[in-house]
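A.B. asks: Sharing the features that TrEMBL gives for it:
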TRANSMEM  B:12-39  transmembrane segment
DOMAIN    B:15-211  domain 'ABC transmembrane type-1'
TRANSMEM  B:60-79  transmembrane segment
TRANSMEM  B:91-110  transmembrane segment
TRANSMEM  B:144-172  transmembrane segment
TRANSMEM  B:192-214  transmembrane segment
Amino acid sequence: MFGRSLFAVFSVMVAATACGGGSASYASVVDKAKNDKKLVIGVKADQPGLGLRTPDGAFAGFDVEVAKYVAKELGVDPANITFKETVSANREAFIEQGQVDMVVATYSITDARKQKVSFAGPYFVAGQDLLVRADEAALTGPETLNGKKLCSVAGSTPAQKVKSEYAKEVQLQEERTYSACVDRVLGGQLDAITTDNVILAGYAAQHAGKLKVVGKPFSTEKYGIGLKKDDTAGRKAVNDALQKMFSDGSWTKALQASVGASGFALPQAPQLERY
Amino acid sequence: MEALLFERDTILAAFWMTVRLTAISALGSLALGTVLTAMRVAPLASLRGAASAYVSVARNTPLTLVLLFTGLGIGANLGVELSDDIATNNFWLAVIGLTAYTSAFVCEALRSGLNTVPVGQAEAARSLGLGFVKTLRLITLPQAFRAVVAPLGSILIALTKNTTIALVVGVSEASVRMREMIETYGDQVIEIFLGFAAGFVLLCLPMGLLFGWLSKRMAVAR
Amino acid sequence: MSFANLYEAPGPRGIRRNRVLAAVVALALLAVAYVVYVRFDQKEQWAADKWLPLLRGDVWATFILPGLAGTLGAAVAGVVLAGLFGIIFATARMSDHRWIRGPAAMVVEFFRAVPLLLLIFFAFFGSFVLIGVNISAFAAVVFGLTLYNGSVIAEIIRSGVQSLPKGQREAAYAVGMRKGQVMRLVLLPQALRAMTPVLVSQFIVLLKDSALGLIVGYDELVDRGLNGIAANFSNVIPAAILIAAIFILINLSLDRLAHRLGVSGRP
């Protein structure tokens with residue numbers, strides 16, 4: 001077929017020109033770190049406080065700090081990390097296809113995702129919450145959302161949960177970025193944004209005085225580091241690195257530096273779940 | 001294959017959304033495009049200027065951005081609310097965006113159609129005492145339309161495919177469905193793609209044939 | 001104006017009436033602009049802290065210029081490959097052999113009917129299943145741009161060839177050219193020249209379409225520029241206006257270039 005042969009032509013082109021990372025396959029991320037001294041790590045690029053590409057071209061945020069620490073423990077210098085932007089919808093695909101070696105991108109550990117990838121961690125426990133206009137008094141929790149308009153980002157599932165468990169009459173709006181959600185809530189067109197409290201805190205800080213986090217989390221989201229499925233050695237090594245980060249104080253310091261300014265109450269380091 | 005069969009109803013619903021978006025935006029674009037064409041050949045310089053500025057901007061902006069502007073600009077910042085129901089509101093925002101974009105192309109096609117109408121036609125009309133609007137409405141535009149049936153067909157096909165970009169304003173049509181299905185049934189990527197592609201082929205191919213036939217049938221013999 | 005024949009040159013009364021109408025139109029447009037300005041002002045869209053970041057050098061260096069490079073890179077690769085695809089399939093579709101004509105027509109009609117977004121999705125997520133290699137977002141975007149625009153270009157070229165006077169082909173055969181030579185030396189060059197304006201507007205379409213790359217995370221103007229800037233400074237609307245202006249500027253200069261080429265390139 002034409003399509004197939006065209007595809008072959010393209011694959012040659014890709015190999016010749018745009019050859020990215022991940023073609024040399026290692027069984028475990030540990031081996032790759034040890035041999036290549038390089039890692040490709042998927043992070044968010046548009047979430048202030050967690051993973052954000054800043055005007056100086058670097059990535060900043062808590063996820064990025066965790067990634068750097070873990071990479072250092074695996075023997076990779078921060079300068080040799082290639083941070084790659086991931087969005088919620090393509091995290092599993094990126095890991096499965098080897099486009100990234102690990103994902104540290106507000107990635108909740110769920111059973112469904114465990115079918116496709118392995119998780120180390122959790123390195124943070126967040127909770128689903130609501131972000132509303134600062135003068136909003138009526139919205140105090142997910143059950144008050146009936147008849148209101150709720151924004152979420154495509155590829156995430158939390159909005160569906162609000163509808164099915166707390167407020168059947170809520171109207172859902174999907175946007176592609178949280179910035180777009182924020183604009184529409186500020187514009188009065190939508191009433192609330194839902195996702196994890198720590199993410200919302202970043203936006204509340206950006207719009208101090210105009211937006212607030214409701215502050216009644218109604219779920220537990222355990223952020224894990226996504227690795228290739230069945231990479232047991234990698235999971236163990238990353239968990240060891242996290243354990244060290246928790247105990248030597250780097251974890252608290254990184255969290256404080258990244259989201260502390262927004263007035264977010266810093267929690268204790270979570271308990272690792274080794275499986 | 002099971003995925004396509006299992007999700008048959010939601011896929012059909014998604015394509016029904018595609019059809020509705022296409023049909024309404026097509027009518028809107030045809031109307032707005034005709035008005036724009038009339039403005040561009042009008043005796044008033046300000047009308048001509050406004051129309052050609054509009055066409056330049058709309059034609060040269062990616063549809064993704066046009067739809068973003070309708071969503072965030074018209075929706076969030078101008079505070080225009082077309083319906084209290086989010087899904088309906090988004091649908092009409094998408095229609096506005098698609099119409100705003102497509103009408104610029106309709107206008108360009110019609111204008112080049114006007115170019116094919118011999119000068120004598122308009123001159124004869126004027127010598128009969130018809131004014132600008134009547135000349136345009138009764139004599140030149142009908143001939144221009146007949147000359148550009150084929151390009152209008154291509155624009156309609158492009159519009160049909162462009163409705164996939166309505167996902168930017170949160171309308172869940174075929175492309176959203178396909179993305180969700182690829183997420184859920186990762187092992188059946190090819191079947192899913194071919195299924196959705198077939199849907200669009202089924203929509204677009206008859207259109208292409210119809211407009212090809214129409215353009216032959218309606219061509220002005222000169 | 002080429003359309004001046006649509007109406008009589010206005011007399012003294014006509015001129016006065018036109019002036020009044022022009023003023024009314026201008027006022028109406030100004031009124032719309034004013035309403036937009038005021039509404040946007042209420043939402044503080046004109047605030048300096050939303051616009052000033054757009055002037056910063058590091059913002060351009062990190063978000064806009066890499067985005068622009070991504071957009072142009074994909075567009076140039078797409079134009080070259082789509083052009084090749086178009087010429088090959090246009091020729092194949094006009095072949096005398098049915099077994100070449102048929103499949104070529106099928107391929108062209110198929111890719112003309114499938115939305116670009118679906119093609120990009122398929123290439124990006126399907127490549128691993130299909131050929132066992134992960135293709136980059138760039139390759140996925142170029143793949144989609146090539147197949148979609150290539151098949152459109154094939155049709156443009158074909159209609160260009162068909163619009164040529166029959167005499168051209170007959171004369172070429174009469175001087176003893178073979179089929180390939182007739183197509184390559186006589187028909188294609190004339191068709192390409194006649195179709196230059198249409199081809200350039202298709203290339204503009206292609207450039208705009210590269211913006212869809214944001215869906216697979218390709219670093220182009222909308223993804224990198226707009227979303228990147230907006231995440232840092234929460235200024236979606238100002239950033240979108242800037243990005244749109246960049247696109248319009250590039251496309252208008254392409255358009256102008258095409259006109260210049262079209263005028264001087266005519267035999």
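Indices start at 1 and increase along the chain as displayed.
Note that Cβ sites are derived from N, Cα and C of the backbone, with glycine treated the same way.
Burial and contacts for the listed features, if you can.
C.D. replies: For the transmembrane segment (B:60-79), same-chain residues at least 6 beyond its ends with a Cβ under 8 Å from one of its own Cβ atoms are 89-90, 93-94, 96-98, 100-101, 162, 165-166, 168-170.
Remote same-chain partners of the transmembrane segment (B:91-110), defined as residues 6 or more beyond its termini with a Cβ less than 8 Å from a stretch Cβ, comprise 17, 20-21, 24-26, 28-34, 36-37, 40, 51, 54-55, 58-59, 61, 63, 66-67, 69-71, 74-75, 82-83, 141, 144-145, 148, 151-152, 155, 158-159, 162-163, 166, 169, 171.
A Cβ distance under 8 Å defines the sequence-distant neighbours of the transmembrane segment (B:144-172), meaning residues of its chain 6+ beyond its ends; these are 14, 17-18, 21-22, 25-26, 29-30, 37, 63-64, 67-68, 70-71, 75, 86-87, 90-91, 93-94, 97-98, 101-102, 105-106, 109-110, 112-114, 116-117, 200, 203-204, 207-208, 210-212, 214-215, 218-220.
Same-chain residues lying 6 or more positions outside the transmembrane segment (B:192-214) and placing a CB less than 8 Å from one of its CB atoms are 3-4, 11, 15, 18-19, 22, 149-150, 152-154, 156-157, 160-161, 174-175, 177-178, 181-182, 185.
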